[in-house]
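Working notes, beginning with the structure itself.
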Amino acid sequence: MYFFGPWPWNEESPSLLAGYLIAAQLFIVIGYLLAWRQVKKIQIVNSNLIKSQNIATGIIFLKRSLLLTILFLVPTSLSRTGNFLPDVMAGLNEPGTVYNFNFARLEEGNSFTMFEYLRMLVSPFLIGFYPLAVVYWSKLSVSVKFFCLLAILFNLSLYLATGTNKGIADFVITLPWLMFLGVSAGSLQRRIPLGALVAGMVLMFFALMVFFGTGQVQREGGVAEKGVFNTGFGLITADTSNLISNLLSSDFQIIYESITRYIGQGYYALSMSFGIEHSSTLGFGHSIFLARNADMIFGTNKFTTTSIPSLLEDQTGWGMFSLWHSIYPWFASDFGFIGTLFVLAIFAYLFALSWGKSLVTLSPQWVILVYLMFILFYYIPANNQIFQSGETCFAVILLFASLIFSKLFPSIVLQSNK
């Protein structure tokens, strides 16, 4: 979509960009395969018993997650939508308009930021209920299923009410994989015919595209209808004579151009980042959340202003916060572009390990972690998604701490689960 789509990016060195992206895929494959070799070596005695124990533990965790989600329902809505409860109808009717309004509201300052910090402290619970609900669905009581559906619908309503695509896209993309995980591991029974499931997934994806396209048309500036992209240093105009564009109606052409603009712009930023001289941001620059807090703690602005996305904005006008960069410049701020390839290999290793461990053990920590790894890899063309927000960043840190603790002190964990 980047090299053959409708947008003439005109990067200085397409061969360098293509070579780097191919190398990244190779490192990801190597990391994944190395982990899968380890997963195949796992020999668990009484695996069904282990799965049953982990499901029981996971359901307890899930119930606590639902309780916390209900407690945070109104505060979260106030913080993220500005309303006591999300106004879903406004979001469905005018997604672009409500997006512009909410963006302006947050720019003026969020009076409910305190609740976002509180959410960070319990982030594994608030993030974990969705993947656990899907994977453990057949093991849940009717009442727990009801509250799971309520919590999932509430989370989706937050994104609908603000005209934001992210949460809805996350749901549509990850749901089939989580269902596949549950069925493969034996915790989810497929009662609906496969054909009906596939049709349902296709319908959800189509609905997402319609919501996405409507939101793009209504967003400020009208760039979707005009087929232009503001880079901060000029305008790029979509090539309407592109082969695929010629086959589409005007409405679907807007969706196609918007999707390819979303996917492609991060790689264009990457192509401009290779030549930027920078010093390491010492493990903080890959995350806006970590960089800002490190600056506050150490009384400096180094970690935010010397990251590659920030330097790119200073040198070209490409917005650090308004445009995408792909995951690579963020990690390159800390580890360099070569080091970033190894970082991705490590994440691919963790992805495969968490997928394999989830299949073998159905441990709630591994199930939540594999969900977060799905999000990380899904957003590679856009940004370093799970570390940009404090909530998901904290969730990853706390999950790793939990896994390390359970490895070091298994007897304590076993006693706490009884």
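Here the Cβ of each residue, glycine as well, is placed from N, Cα and C on the backbone.
Annotated features in TrEMBL:
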| type | residues | note |
| --- | --- | --- |
| TRANSMEM | 16-35 | transmembrane segment |
| TRANSMEM | 55-74 | transmembrane segment |
| TRANSMEM | 117-137 | transmembrane segment |
| TRANSMEM | 144-161 | transmembrane segment |
| TRANSMEM | 167-185 | transmembrane segment |
| TRANSMEM | 192-212 | transmembrane segment |
| TRANSMEM | 327-352 | transmembrane segment |
| TRANSMEM | 359-380 | transmembrane segment |
| TRANSMEM | 386-409 | transmembrane segment |
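Sequence-distant residue pairs (6 or more apart) of the transmembrane segment (327-352) and the transmembrane segment (16-35) include at least 3 whose Cβ atoms are under 8 Å, placing the two stretches in contact. The list of residues near the transmembrane segment (192-212) in space but at least 6 beyond its ends in sequence, with Cβ under 8 angstroms from a Cβ of it, reads 92, 95, 160, 165, 168-169, 172, 175-176, 179, 255, 258-259. Most Cβ pairs under 8 A with the transmembrane segment (55-74) among the ranges 16-35, 117-137, 386-409 are made by 117-137. Stretch with the most C-beta contacts under 8 angstroms to the transmembrane segment (386-409), considering only 16-35, 117-137, 144-161: 117-137. A Cβ distance under 8 Å defines the sequence-distant neighbours of the transmembrane segment (16-35), meaning residues of its chain 6+ beyond its ends; these are 3, 267, 270-271, 274, 328, 337, 340-342, 344-353, 356, 377.
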